[in-house]
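Enquirer: Relevant sequence annotations retrieved from Swiss-Prot are reproduced here:
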type	residues	note
BINDING	T29, L30, G31, P32, D86, G87, T88, T89, T90, G413, N476, A477, A478, D492	ATP binding site
Amino acid sequence: MAKDIKFSEEARRSMLRGVDTLANAVKVTLGPKGRNVVLEKKFGSPLITNDGVTIAKEIELEDAFENMGAKLVAEVASKTNDVAGDGTTTATVLAQAMIREGLKNVTAGANPMGLRKGIEKAVTAAIEELKTISKPIEGKSSIAQVAAISAADEEVGQLIAEAMERVGNDGVITLEESKGFTTELDVVEGMQFDRGYASPYMITDSDKMEAVLDNPYILITDKKISNIQEILPVLEQVVQQGKPLLIIAEDVEGEALATLVVNKLRGTFNVVAVKAPGFGDRRKAMLEDIAILTGGEVITEELGRDLKSATVESLGRAGKVVVTKENTTVVEGVGSTEQIEARIGQIRAQLEETTSEFDREKLQERLAKLAGGVAVIKVGAATETELKERKLRIEDALNSTRAAVEEGIVAGGGTSLMNVYTKVASIVAEGDEATGINIVLRALEEPVRQIAINAGLEGSVVVERLKGEKVGVGFNAATGEWVNMLESGIVDPAKVTRSALQNAASVAAMFLTTEAVVADKPEPNAPAMPDMGGMGMGGMGGMM
């Protein structure tokens, strides 16, 4: 296929038009008085959002060169979202400022490689200073403040703070759509996995359609049980103890399932069978997690164990097990704390090594189930459009809060970027490197300027006053007052600010050092089909 090629100034100008188109659409959402953007959807109602990365992903431009520029900045938003989960609009604003300022200098004859060096030096210094001024997050109220700022909703802030308090920092907090109008929190204590009872005849509570086992023994195996003789020895031992039994196996079927159901209905013993969660290697790992949590063993041929040799000593124990049609929850497993801690450490090590987003999510879930529990925030709203928008905001707030727990908090509203201004300005450099540093200095002002503009104020006036203020004092765009940002609860996670700056600088440096751009040539439109008017089939009338 033929290609279009543009060089130097012409190439960069075309891409800059794309950068500006995307960034201008995204930056109207910045700050407490930022506006929304409406996105057309092929199916269903339009999506109304103020989430930078969601807007950036939707933008596709007709001109191939402009589109490349737009996609580069969308990459900044996307990468920041992957690393920190929030701050995508800030990252976009920073990238646009660095690219525009840099391009002016390249056009005036500056060497792009020198500019790149200066940009990298400035960003390294800014990040070091951010680490110095960040404060560790302490207590439920600090967590609530971070979440409330991100979601622009105090009620959401309180919900997220409560969820994190209940399940711990390692706990899993998921979002679901609620059937009602209100947003509420539902916490599942203990370990839950998505497998229900093998037969509805096993339930103990017909109103709730669930089976509740108090102080049960738990048989854990990766084998399929189809013959009752295989588990008869261990079954007899459990009956003698007078305790209920939970069987977690690859499957329980045929004669084995029929015998268990008949004896359950007769009242001989209380037993519930469920399928093992997960698939393949993940199934083995999850069964091992359950075994460690309950102090039992996984009965598997890989370890030379078969079901006939199982005894009550090899079974797990728990304070309570609740089995519904779709889920099984094990509460108060009696496993040893040392073993559980060791397992958690093992999963954390795997988390650090994995590069797959899917694996990371699954490992995080396993970690949460062992460490604390799972909290579900059920998001409610009056309309579907509002529900989608609210869900996106809560997701950002959740990510922000996790980032704050990880690396601490800094003054919000773009103030922290201005607080590192002096440190960056003090770097000694010459020539194009010094110009590169000035590009970053100009970009550091941009988020505050944009927040002020969105609040209907003159951005440059706010920026100039902020340069003279003490560290931590900033402009509250919601009220129009100058306040101590940390004391007023206007905070950003340091990780979000750091990621936004790093990713923006990375793409800006790549952009400025671009000398040629190659794109597919648009294909000429195919000629229209000829008129088919003369090809009537009247002569075929006799074939009826």
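Glycine is no exception: its Cβ is also placed from the backbone N, Cα and C atoms.
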Enquirer: On the three-state reduction of DSSP, what should I expect for A478 (ATP binding site)?
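Expert: The three-state answer is coil.
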Enquirer: Could you say whether, by DSSP, T88 (ATP binding site) belongs to a helix, a strand or a coil region?
Expert: helix
Enquirer: When you measure from the Cβ of T29 (ATP binding site), which residues in the chain that are at least 6 apart have a Cβ under 8 Å away?
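Expert: T29 (ATP binding site) has long-range Cβ partners R35, N36, V37, T49, N50, D51, G52, I55, T89.
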Enquirer: If you draw a 10 Å sphere on the Cβ of T90 (ATP binding site), how many other Cβ atoms land inside?
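Expert: Summing over all protein chains shown, T90 (ATP binding site) has 29 other Cβ atoms within 10 Å.
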Enquirer: So for D86 (ATP binding site), how many other CB atoms are inside 10 Å of its CB?
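Expert: Around the Cβ of D86 (ATP binding site), 31 other Cβ atoms lie within 10 Å.
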Enquirer: Rounding to the nearest whole angstrom, report the longest C-alpha distance spanning T29, L30, G31, P32, D86, G87, T88, T89, T90, G413, N476, A477, A478, D492, listed for ATP.
Expert: 20
Enquirer: Under 8 Å Cβ to Cβ from A478 (ATP binding site), same chain, six or more residues apart: give me those in sequence order, or none if nothing qualifies.
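Expert: Looking at Cβ-Cβ distances below 8 Å from A478 (ATP binding site), excluding near sequence neighbours, one finds P32, K33, A455.
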Enquirer: Would you mind listing, in sequence order, the residues at least six apart from T88 (ATP binding site) in the same chain with a Cβ closer than 8 Å to its Cβ?
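Expert: Result: V26, D51, G52, V53, A56, A77, S78, T80, N81, A500.
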